[in-house]
Amino acid sequence: MVLNSLDKMIQLQKNTANIRNICVLAHVDHGKTTLADCLISSNGIISSRLAGKLRYMDSREDEQIRGITMKSSAISLHYATGNEEYLINLIDSPGHVDFSSEVSTAVRICDGCIIVVDAVEGVCPQTQAVLRQAWLENIRPVLVINKIDRLIVELKFTPQEAYSHLKNILEQINALTGTLFTSKVLEERAERETESQVNPNSEQGEQVYDWSTGLEDTDDSHLYFSPEQGNVVFTSAIDGWGFGIEHFARIYSQKIGIKKEVLMKTLWGDYYINMKAKKIMKGDQAKGKKPLFVQLILENIWSLYDAVLKKDKDKIDKIVTSLGLKIGAREARHSDPKVQINAICSQWLPISHAVLAMVCQKLPSPLDITAERVERLMCTGSQTFDSFPPETQALKAAFMKCGSEDTAPVIIFVSKMFAVDAKALPQNKPRPLTQEEIAQRRERARQRHAEKLAAAQGQAPLEPTQDGSAIETCPKGEEPRGDEQQVESMTPKPVLQEENNQESFIAFARVFSGVARRGKKIFVLGPKYSPLEFLRRVPLGFSAPPDGLPQVPHMAYCALENLYLLMGRELEYLEEVPPGNVLGIGGLQDFVLKSATLCSLPSCPPFIPLNFEATPIVRVAVEPKHPSEMPQLVKGMKLLNQADPCVQILIQETGEHVLVTAGEVHLQRCLDDLKERFAKIHISVSEPIIPFRETITKPPKVDMVNEEIGKQQKVAVIHQMKEDQSKIPEGIQVDSDGLITITTPNKLATLSVRAMPLPEEVTQILEENSDLIRSMEQLTSSLNEGENTHMIHQKTQEKIWEFKGKLEQHLTGRRWRNIVDQIWSFGPRKCGPNILVNKSEDFQNSVWTGPADKASKEASRYRDLGNSIVSGFQLATLSGPMCEEPLMGVCFVLEKWDLSKFEEQGASDLAKEGQEENETCSGGNENQELQDGCSEAFEKRTSQKGESPLTDCYGPFSGQLIATMKEACRYALQVKPQRLMAAMYTCDIMATGDVLGRVYAVLSKREGRVLQEEMKEGTDMFIIKAVLPVAESFGFADEIRKRTSGLASPQLVFSHWEIIPSDPFWVPTTEEEYLHFGEKADSENQARKYMNAVRKRKGLYVEEKIVEHAEKQRTLSKNK
């Protein structure tokens, strides 16, 4: 319990085998920060009485106000057991879903994690999410079941009921672990199948054998949580106690005389003790006996709580005496039972010992990093470890060794950048004065006092001052000198204050190999850096990076300026950090944006990107209240973008500065940081910018009152379609199937385009494979430019063919025949969920194979102008006709592309120009040089036949094609049934039974839809799973807490896009619809409301009347 010195921590850092890098993960309000407080108090950093109340790791003011953790923060703890001393680098992480990106940054630099579960609420949605993140990062978890006291105090469980409840929680979390394990085994099996297909020498029948043994032959016993394995601890962090069954096994082995190993296996499970025979028997439930866990452990804890809550002083004294504890008189006389329980239990079952002992025994050290995790960190999804150059593959051994030799390469990963006040840095903190400085200050103060007395009496001192000048006797002469001295002493202070107000950025990092020393030169590798690119540009055999190295993309070179030991709110200065430790690095703000890999060798690949569970979806536009402060806002947004791993900063085409965040709480934190820390100005924030998507659907079969569309309605629908088509300008042909035929303004090219809705499964496949589509586009563009920078890997090729196979599987039927092979492009931004299909007979081009024929001049001409067609498609999918939002789930089919008139016009124009050139060159007796120049110009024009786009009064022909293709796509959309797509949240709500009706009322009011409702066994808690439009989510959490008096708390995570069923352009046609919806039907049409709101925000035309029948709004006659 003694506060450790910095020297002690530096000494512990050098023993890599005894380092444990761990993070605490849990659902919100399950007790992570309280548990961290208890562990911190064991080192004497805070008082044990303040544990759970101080929330030491929550250093932000808004964290203390809201009572939730918003950022990951680290602290180093010392733990001694027996002859071993351990250094625990503990990282506390948030549990709120808005800050799940902070969990990702913490998990990446850890080797193990503590999963905290509330004993009452059990496994919650965010528990599943953090366990999945730990699994993806290949780190080992241990389990802490917290808040056991709630089972006693709140739910009034008996020990037997509590045991059954705890068993259910363990079963739930082990079932989740089993699901993750099964998916991993099946993925590995699928990879082996793919390799066996590539390798023809594989034995037949192996696939069937793998199917039956993939799960059976894999040992998964070490993955599951079980108290007998020692990876589960039962705690009450607020009361300061916790235990593993090893503690009681050691005690009862001495009392009962049964071996400790036997008790370790039987204290948890269906075992009971036969006291007469002193034997442990199996089958407690069948024989109606109490399990050992209930009889020997839970009943003792229950009896203690019962005695304290009932204030049975005699029983309390008896328990304290039997346990050999010493309780202070203050705690014994205290009226609050919690104080007495804490005083007794923290001595009897100290939580810090139970948790830290489990961490040291069950979680790995940095030396135990697995080869699988190393390869996963180094390889992105499109690369395999074998595809790296030999220099890169050799680094795997350095990862595994985690050596501190001078020859070992230094490898550091920066998971995030965080901002601290410059005054909080160790070098800027005030230090204690030395004796000499104190004496000098005393002498100067005495001298100033003597001068003031002399000035007041009008007498000069006999001795001169230190600088040799005599002090004037006149008080008036003294005043200017005194003022001058005052100005000199006060001048530096504003400058210092201004410097101290600046934010300094610290890199949150971990050393994986080598020793990080202050001043060491190192490469900074961005997420997109490629070691192959470096080795291609830099000659072999270079030793140190000289200044003459060529520019390599996404790589910089800098020195490690300052190294810090992270101690929660404090930072300690370090000269060097051995491998395996977590540290802070100063001076990287100009080189690292959010995350980066630091390495002394440029052959190191960047670590794979972090896995973010939450997608940024909430957008607001910000601007300064005073326009002159725009530079401060821009600078502040840059700093905010660097300080937050999840936030996105965008500048739209309109010039708006847009902030994209993960949710309302995250948005509020970002705005507070912008106003108070980074920009320090007053800002105006717009209403949330709701994202929508536009799409088309099949014609409906039922009307708005759920009746089958009859003849009268079909006539009305046809009439409505004709009205829609009448809005299309003249000269554009529309057939009955929605085929749009349009010509360019100069009438030289004709395009025929049709729009079709994609099946929902295909849209989902396109969304899931957007990164793969982007890689395909980069590969295609590099090949077209004659470069070979993007070498395709075998794994990527397999993914591409798998992606194509999925599309072929879902695009079946007469309409979609052979359409996958004819896909020309994806959009928007060439990787979106829309497809351009080329069915033109004159020119065949596919995204899978490229242009079919590059040799013929005609195909070359089509290929050159094809980029204009694709650009028009990209523009059309980027902004739809309804409210200029991106399209989703639409297939545009280019049925015809006629360039015959363009070729004729080009040939005739070229002939005329050639004739004029001939006449000019042969028309007179010019000298030979002029004739040579004319012939060269003619040859140049001739060589560009069919390749140079014609330019006329309508502009370049390529630009006309872009605009025409864009208009064709928009008109093809408008002749189909259009729909809006809304972004949807998955909403998980935990509520008690008595407020369930209010929860449903709030959900229905906000257009929510309940998907599932289940009751937590043994409690009165319900878990409601619903979907809620993002547009209706603002203020939802506050409203539901108000309506339920804080008994329900929602967790909102972006899930998917969903089509709004109502047609935004629908008008009533039948009598039933007129009666139900009224003449205008604008009050019930949710899609129209959303569409008009977006159009108003963007300044587009909105078809609505502001005032109608104004005389009805006036009182024309006075009532007497």
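Note that the numbers count up from 1, one per residue, in the order the chain is shown.
Yeah, the Cβs are placed from backbone N, Cα and C, and that goes for glycine too.
Sequence annotations record features per position, and here Swiss-Prot assigns GTP binding site to 26-33, 92-96, 146-149 based on similarity to another entry. Taking a C-beta cut-off of under 8 angstroms and a sequence separation of 6 or more, ALA26 (GTP binding site) has the following same-chain neighbours: LYS32, GLY95, ILE115, VAL116, VAL117, ASP118, GLN126, THR127, VAL130, ASN146. The secondary structure of ALA26 (GTP binding site), as reduced to three states from DSSP, is extended strand.
Per Swiss-Prot, compositional bias 'Basic and acidic residues' is recorded for 438-452 (among others).
Per Swiss-Prot, the feature compositional bias 'Basic and acidic residues' maps to 475-484 (among others).
Annotated compositional bias 'Polar residues' per Swiss-Prot: 920-930, in sequence order.
Sequence annotations record features per position, and here Swiss-Prot assigns domain 'tr-type G' to 17-272.
Cβ environment of LYS528 (N6-acetyllysine): PRO553, HIS554, PRO606 lie under 8 Å away, each six or more residues apart in the same chain. Under the three-state DSSP scheme, LYS528 (N6-acetyllysine) falls in the coil class. Taken from Swiss-Prot, the feature N6-acetyllysine covers LYS528.
The annotation region 'Disordered' is assigned in Swiss-Prot to 430-496 (among others).
Annotation comment: Swiss-Prot describes 907-930 (among others) as region 'Disordered'.
Taking the Cβ of LYS32 (GTP binding site) as centre and 10 Å as the limit, one finds 28 other Cβ atoms among all the protein chains shown. A sphere of 10 angstroms centred on the C-beta of ASP29 (GTP binding site) encloses 18 other C-beta atoms. Across the binding-site residues listed here (SER93, HIS96, ILE148), the residue whose Cβ sits among the most other Cβ atoms within 10 Å is SER93.
DSSP gives ILE148 (GTP binding site) a helix state.
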